[in-house]
Amino acid sequence: MKIRTVIVEDEKPAREELMFLLEQFPEIEIVGTAEHGQQGLEVILEKRPDLVFIDIEMPVMDGLELANKLYKMRDLIQPSIVFTTAYDEFALQAFEVEALDYLLKPISEERLKTTIERLVNNFNKRQAEAPLQGVKKVPVNYKGRYKMLPIEEILYFSTGEEGVVAKTKKGSYTVNANLTELERNLKDYGFFRSHRSFLVNLNRVAEVIPWFKGKYLLIMDDPTKSEVPVSRTYIKELCEIFKL
């Protein structure tokens, strides 16, 4: 399987040189390029790549800002990031956003080969785990026993007097876990903490409605159009995810 790749680099010669070097690796498929961070974000959200090469010093939006935006959106999109730059002073900041690697220009073929080999190993590991992700389920309490509930059926989790409840279009079930634990375990499956009392499945959102006092309301895709609030704490991140 090809590793879908996007290059974000403002200098055309450097962009073309990296494209030339990457052509030597049959696993790599370049699906898009961009000249600055803002354009890069748009291309990444459209193409959904597995890998992004990001220059750091760019106009409009620099590479670190782009990487930080992607890091905050990691619940929905999580490409591997490789920084390319002529300066080594940004290395610490790069790894704070969990970058796969940090390449100094001019990029040597041998150094790039090492990076690609690491990436391929990581990618193959994720692909091997993919079947398990497809059957991800959450144990819920049902008639004195545990029912294994597929995560795609869950609209949201909420917390109240009964503890944590998983809401589906068929009903509600109590869960023996707190929202923080669920958020940590389900962050790679499109679940988003919209409120201190709600963890919502963004794949099941039908509408986003501006509400009062700067808050938002999510309308789910079940027949009753369940409503989930978004507190002001989480609005910025939600807007970045949905490009509102």
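Note that the numbers count up from 1, one per residue, in the order the chain is shown.
Placed from the backbone N, Cα and C atoms, the Cβ positions cover glycine too.
Heads up, TrEMBL stuff is auto-annotated, nobody curated it.
Small disclaimer: the values here were computed from a predicted structure and weren't measured.
Features as listed in TrEMBL:
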- 4-120: domain 'Response regulatory' (DOMAIN)
- Asp55: 4-aspartylphosphate (MOD_RES)
- 138-244: domain 'HTH LytTR-type' (DOMAIN)
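Model confidence over the domain 'HTH LytTR-type' (138-244) is summarised by a mean pLDDT of 89.
The helix, strand and coil residue counts that DSSP assigns across the domain 'Response regulatory' (4-120) are 50 helix, 27 strand, 40 coil.
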